Amino acid sequence: MPRLCGLKAISHVWSHYERIEEGDDGWWKVRCSHCHLVLCYNARETGTKSLMRHVERCLERNLVKPIRIE
């Protein structure tokens, strides 16, 4: 459940990311805390949906490890 901060809801997805730096154009670089991939984010243009999709795929890849049978 997202927290409310003023009138905007804060997404739970931010618990999976670390903000690195903000560019002059308003785009943020964020790092996934699971795979350390750096992604670009702009709240006005992209929202958090792409960050949510990455976390879902990232967690699936990290939880399901292939088993080698020799």
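Here the Cβ of each residue, glycine as well, is placed from N, Cα and C on the backbone.
Positions annotated as domain 'BED-type' by TrEMBL: 8-70.
With DSSP classes pooled into helix, strand and coil, the tally for the domain 'BED-type' (8-70) is 20 helix, 18 strand, 25 coil. Mean pLDDT across the domain 'BED-type' (8-70) comes to 83 in this model.
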